[in-house]
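> Below is a structure I'd like to ask you about.
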Amino acid sequence: MKFMKYAVFFYTSVGIEPYTIDSRPKKVSLWSNLLFWANVINLSVIVFGEILYLGVAYSDGKFIDAVTVLSYIGFVIVGMSKMFFIWWKKTDLSNLVKELEHIYPNGKAEEEVYRLDSYLRSCSRISITYAILYSALIWTFNLFSIMQFLVNEKWLKIRVVGQTLPYLMYFPWNWHENWTYYVLLFCQNFAGHTSASGQISTDLLLCAVATQVIMHFDYLARVVENQVLDGDWNENSRFLAKTVRYHQRILRLMDVLNDIFGIPLLLNFMVSTFVICFVGFQMTVGVPPDIMIKLSLFLFSSLSQVYLICHYGQLIADASSSLSISAYKQNWQNDDIRYRRALVFFIARPQRTTYLKATIFMNITRATMTELLQVSYKFFALLRTMYIK
C-alpha cells in the first residue's frame, strides 16, 4: 500500500517483514532472518555493555556519565520494544492491513470522493520529514566521534582527540590503539541504526494506519451530513443501517490498532519521559558547544516523536467525534419520526470519543504531550537537586 511504503523500507533495513497480504505475499529470505537476528544480538550486547557501564559509573560517583548512559539505554529500550512487538503481532497486523485494503478506495472516482490524494500527501510529507530528522539524529551520534577526530586533530590540529566511541559502554579490555576499536565502532553504529530504524518504522506505520482511519471517519461524516432525506422510511433506514455497519468496521480497526500498538506506545511514553529529562539535565550542567548541538538534536527528536504520536491521537479523536455533529446537520427535521428516533441512537455512539490508546492506562491526545512534559520537568528538578547536593 502507498501509505505503508516508508515504514516497510525501514523495517526491511533491519530484516523485518511487518505484514503479509494478497498483494504482498510472504517472502522467505535467509538474508532477512540473518539480518534480523544479527541486529537483535548486536543491539542486546551493546545495551548490556551500557548497563554494566551504568553500574560502574554510579559506583565511581560519575553522576553525569550515569545520566548520559541512561538516555542511551532508554533510546535502545524504545527501539527494541517496538521492533519485537511488531514482529510478535505480525499476524494481527497482516489482518489489519487486509481489512484496510478491503475498504480502500477503488478507482479514480472513489479516490476523489475519499480525497485520497490529500491524505496521502500529508502522510508522505510527515513521514519523510520525520525519517530525515531521526536519521540525522542517529548518524550525528554515530559519526560524531569520527568527525571530532578528523576536524579537531587532523584538520585544525587544535587538540588531541584520539580514538573514541559514539556511546559509553563497559569493556573488560583496553580497546585503544588496536583492531578491536574498529570492530566496536562498527557494532555501535550498527546498533544505533537498528534502534533508530525500529522506532522510525513503527512510528511511520502507526501514522500510515492512523491517517487511513481518519480518512474513513471524515468520509463517513461527509456522507452522513450530505445525505438527502426524502421521507421514505425504507430507503432512509437502509442508509442508516449501512452507515452503522461502516462505522462499526472503523471502530473494529481502531480496536485492532490499539491492541497492536498499545504496549509499545505505553513503553514509548514512559521511557521518553525519562529520556527527555536526562537529555535536558545534560544540557544544563555545562557542556562544550559541539556536544550541546548533539544533545539539542537528541532532545528535539525525542520531543518530535512524542508530539507526532499525540498529534495523530488528537486527529483520530476529533475525526471520530465529528460524526455525531455531521449527523445532527442532516435535514432530519421534517423526516419520518422513526428515522429521527433511530438517528438519536446513531448520534449518541460517536459522542463516546474513539481514542488512540497506550493500553487501558492512557488516551493519547495533544494533552498527553503536556502531561508528559510536566512529569519530565519534575524528574529534571529532582536530578538537579541531587546533582547540586
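Including glycine, each Cβ sits where the backbone N, Cα and C put it.
Caution: TrEMBL annotation is automatic and unverified by curators.
The following feature annotations were taken from TrEMBL:
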TRANSMEM  34-56  transmembrane segment
TRANSMEM  63-88  transmembrane segment
TRANSMEM  128-151  transmembrane segment
TRANSMEM  260-285  transmembrane segment
TRANSMEM  291-310  transmembrane segment
> With the transmembrane segment (291-310) as the reference, which stretch in 34-56, 128-151, 260-285 has the largest tally of C-beta pairs below 8 Å?
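Answer, by Cβ pair count: 260-285.
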> Please give the sequence-distant neighbours of the transmembrane segment (128-151): residues at least 6 beyond its ends with Cβ less than 8 Å from one of its Cβ atoms.
6, 10, 161-167, 185, 188-189, 192-193, 195-196, 199-200, 203-204, 207, 290, 294, 297-298, 300-301, 304-305, 308
> Sort out the residues at least 6 away from either end of the transmembrane segment (260-285), same chain, that have Cβ-Cβ distances under 8 Å to it, and list them.
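That would be 64, 67-68, 70-71, 74-75, 77-78, 81-82, 85-86, 89, 92-93, 96, 202, 206, 292, 295-296, 298-299, 302-303, 305-306, 309, 356-359, 361-362, 364, 368, 372-373, 375-377, 379-380, 383-384, 387.
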